[in-house]
Structure formats: C-alpha cells, structure tokens
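Presented below is the structure to which this report refers.
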Amino acid sequence: MPFVMAIDQGTTSSRAILFRSDISIAASAQQEFPQHFPASGWVEHEPEDIWATTIATCRAAMDKAGATAADIAAIGITNQRETVVVWDAVSGQAIHRAIVWQDRRTAEFCTRLKAEGLEPMVTAKTGLIIDPYFSGTKVAWLLDNVPGARARAERGELKFGTVDCYLLWRLTGGKVHATDATNASRTLLFNIHDGAWDDELLKLLGVPRSMLPEVKDSSAHFGDSVPELFGGSITIRGIAGDQQAATIGQACFTPGMIKSTYGTGCFALLNTGATPVKSNNKLLTTVAYQLGGKRTYALEGSIFVAGSAVQWLRDGLGVIKHASETGPLADKSDSAQSVYLVPAFVGMGAPYWNPRVRGALFGLTRNTGPAELAHAALESVCYQTFDLWAAMRADWPDADAATTVLRVDGGMTASDWTMQRLADLLDAPVDRPVIQETTALGAAYLAGLSAGVFPEPQKFADNWRLDHRFRPAMSAATRERKLAGWARAVRGLLATDEGE
C-alpha cells in the first residue's frame, strides 16, 4: 500500500504525516521551532529552523512507518501563508529571517498606500485589502531595509517565495522555483481573476518580476526531491496554503460549504464556486484551490489570535501549564462576571482590520481570577468566529440554505467546552470530523490526486466522517446578552485608536 506524505509547515511547528491510500494515518512527527520578536509587533522565523524541522519530521515519520522513499507515492506541502522568505538565487541563503504573517512592521507603509487611494484598485485585482498581513509589503520592506537587497533583486540575484516555495526550492536542490495559486493569491501581487502576477501591483510595491515563482495548479507535478534527503527521490505533487488545504481536507467542494480552522489564528473559508464574490463586510476574496487550470474561489475571514490566546495564558500569565487545562478551568469561572478579552495582540483582523490597536480585558473585578481569564480567552475565539460568520451570511446570497453548519478543525477543536460555546454563540451546529488533521490531509489529497492514489473530489467527499456534532443549547436571551457585551468591548478597544 503506497503512502502519501504531507508536509505541514506551521507557524510554531513543522509536521509530517504519512497517509495510507485509504486516507488513514500511518505515522506522524512534529517539532516546534523558536519564534523571534525583535520589536513590538514584529514576528520572525529563521528559515534554517523551518527547513531543519521540516526534514527532521519527514525522516521521523518515515522511520515510524518503516517507509522508504520508494514506498511514498508523492509529497504534498501545506504551509503558513503570507510568511515571506527572500534568498540568494544561487546559494539558497536567505538574506534575512522570514517575516511572519503576524508581523505588523509595514503598518505605516500600508496606511500611506491607503491614504493615496490605492486600496480599491488593489482589492479589485487581488480580493485582499492593503494590510501588513499579506506578503507584498513584507517583500518591499526587505528590499528597502536589507543592505544591497534591492540592487541584487533588480540584477536577478534574489528569489522570493512563501514558505511552500522556499521548501520546494530546497527539496529540489534549487531546481524548481514555483508555488500554487492559493499561496500566490495571498501576496498582494497576484491577480485572482487573470490567475497571473500583476505588473501594476509589482510596480506599486517595487518588486522585480524576476524574483517571482511560477504559479501552478494546487495538484500538479512540482518537481522531485533530491535523493540524498530521504534515501531516494520522491515526487512533489501538491501544494496549498494551510487554510485552503484545510478546506480541501474538510471536503468543502460544494459552493456554500464553510470550514473554520483553529490554530495560532482562526480562519474561516466559504466556498463560492467558480465566481469570486466581492465582500461588502470586509472579508477577503481568495482562491480556494485550482485544479485542471480552473480556479475555485472563497470568501475568507482571518483572525490573528485564537490558539495563541491560550499560549498567552500559559506562557505570558502562567495561568495554566498545558493547553488541555483551559476548558476545565474556564468551566469553574464565576457566571456572575462578564469578562471579555479582545485579543488584539498584533492588531485586529477581519472584519475590523485595524493593525494599530492592541489587546485589552474588559469587565475585570476584584474577584476576577485564573478561571475567568481562561473563560474570556476561549470565548474570545468564539466571539471572533461569530463576527466572521455574520459577515459571511451577509455576503453570501444563499446564506440561509447553505451556511447552516460549520465544519471545524485544528488543535482547539479538541476542547469540547470551546466547541459547545461556539455552537451556542453561532446558534448553529458545529461539526468536528473524525480526522482532525485536515490541513495535512488536504495537502496529501492534492498530491495523491495527482499521483493517482486518491479518488476524484466527490468520492473523496463521500468518505468524510463526523466525529461529533455540537448543537446550540444556549437561550436566545443569554446569547444576545453575551454578544452585545462583546460588541461593546470591541467598540471600546477601537475607540483607543488614535490613528497614525
């Protein structure tokens, strides 16, 4: 039975999972790597840490499964999106640490671009807004702030890529510089209607075309790994950004289906089919996947802080020692207290898009303690999801019929407390699948589809299995009171923004 290996390169760790041809998991491995915070609002990774942990986990997973390179039909790659690496075109040496998607150092630059009235043009082409979140302004920062970088780029000596592209380059020994349409669509440089890099956007941000990778289908032959990495060459046949990969892993192939992934951040995608839908509620229009040269689009809401709120409880406050303690602790909170955490640690994402505000707690009393803080942290994820859910229902014309169930995945979905509270606040069922490694599964599926190991999308969708459906159990009065309190807290935080 052949294996398909998924590389899942995330914000805080790298993972590798071997899937059998029946979509069951044979083995997995994971390694965390350091985060670097050189200034307020700045987040960086060492590219060598990304590479080293990726290769180490691939080898570890293969060892656990007793698999050789010959046993693996294909590799699929999924990755933290928007994070930028720029490297020397010959040596492969990065010119700077990777600038992570959470990084806000280009906020002032983005504000200037908006003030010049450029956002409508950018949004019309990319489906995105002008925000530090996306890759384009990060690349511009590197070219302008690393000594000699712009001159080298203009001479064709530098390459740019999101993390998938960087890993593909390294895996193929520098032979392949390519990405897929989902990752390209997150750069601010890619026209999602034409399916190509856009010269007007490249000129706007000062990015030479020679730096850019080829854009391919999400399921395609991207290249082959060099033999010395895994004891033999393995073909690489699938790439998708992490949230799009999770959409595929959740089998959201039908327009109107919606999934929400809970990792470091929270990201909800609504499949809108072959037509890109323009949001009137500050959601993003993005490429869900591209198969056979045909793009499928999605509306996306991006939240910057979800699981990282729990990390803050553990690492910042010392309230818990392990993430699994959060739900039971929250269950002990004083119901008479209404404590709200607005976790804008790096600004606010959809649907507010404010890079300047920072997190705040509201409703603290003398009796507020660890249980109330845990409660507020978990509920903040649910409230933020509600904001995305409401925006999607407003933007999607068939909302009443289509977006009635939310498929969830990611580490936080292991918390029954959080998932039940999510169903309560959405007033809608929340479905948790049997296979919760949906991001890796999506990458594996794309690779296995190209390699002929996995079936066509509809047959794959028929194999999706439900683990548990969380049904709303909160009274309408309680739900409305809690949502109103959240809205007041958000307004209170936004009122602290004095602009640039």
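In case you wondered, yes, glycine gets a Cβ from its N, Cα and C as well.
Annotated features in Swiss-Prot:
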type	residues	note
BINDING	T11, R81, E82, Y133, D242	sn-glycerol 3-phosphate binding site
BINDING	T11, T12, S13, T264, G307, Q311, G411	ATP binding site
BINDING	T11, R15, T264, G307, G411	ADP binding site
BINDING	R81, E82, Y133, D242, Q243	glycerol binding site
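Sequence features annotated in Swiss-Prot and their locations in the structure.
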| residue | record | DSSP class |
| --- | --- | --- |
| T11 | sn-glycerol 3-phosphate binding site | coil |
| R81 | sn-glycerol 3-phosphate binding site | coil |
| Y133 | sn-glycerol 3-phosphate binding site | coil |
| D242 | sn-glycerol 3-phosphate binding site | helix |
| T264 | ATP binding site | coil |
| G307 | ATP binding site | helix |
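Using the Cβ center of R81, E82, Y133, D242, Q243 for glycerol, the list of other same-chain residues with Cβ within 8 Å runs, in sequence order, Q80, T83, W101, R186, G241, F267, S302. Neighbour counts were taken at the CB atom with a 10 A radius for the binding-site residues T11, T12, Q311; the maximum falls on T11. If you take the C-beta of S13 (ATP binding site) and look for same-chain residues 6 or more apart in sequence within under 8 angstroms, you find Q30, Q31, E32, F33, T53. Between the CA atoms of T12 (ATP binding site) and R81 (sn-glycerol 3-phosphate binding site) there is a gap of 13 Å, rounded to the nearest whole number. Each of G10, G263, S308 belongs to the same chain as T11, T12, S13, T264, G307, Q311, G411, is absent from that list, and has a C-beta within 8 angstroms of the C-beta centroid marking the ATP site. Within the set of binding-site residues (Q243, T264), the lowest number of other Cβ atoms found within 10 Å of a Cβ is recorded at T264.
Between the candidate binding-site residues, E82, D242, the densest Cβ environment within 10 Å is the one around D242.
Around R81 (sn-glycerol 3-phosphate binding site), the same-chain residues at least 6 positions away in sequence with a Cβ under 8 Å from its Cβ are W101, T162, T182, N183, R186, G241, D242, Q243. If you take the C-beta of R15 (ADP binding site) and look for same-chain residues 6 or more apart in sequence within under 8 angstroms, you find I7, D8, Q9, S28, A29, Q30, Q31, T57, A440. Comparing CA positions across the binding-site residues T11, E82, Y133, the one lying closest to T264 (ATP binding site) turns out to be T11.
Counting other C-beta atoms within 10 Å of each candidate's C-beta, the binding-site residues G307, G411 are led by G307.
Taken over all pairs of the listed sn-glycerol 3-phosphate-binding residues (T11, R81, E82, Y133, D242), the Cα spread reaches a maximum of 15 Å, rounded to the nearest whole number. Between the CA atoms of G411 (ATP binding site) and T11 (sn-glycerol 3-phosphate binding site) there is a gap of 13 Å.
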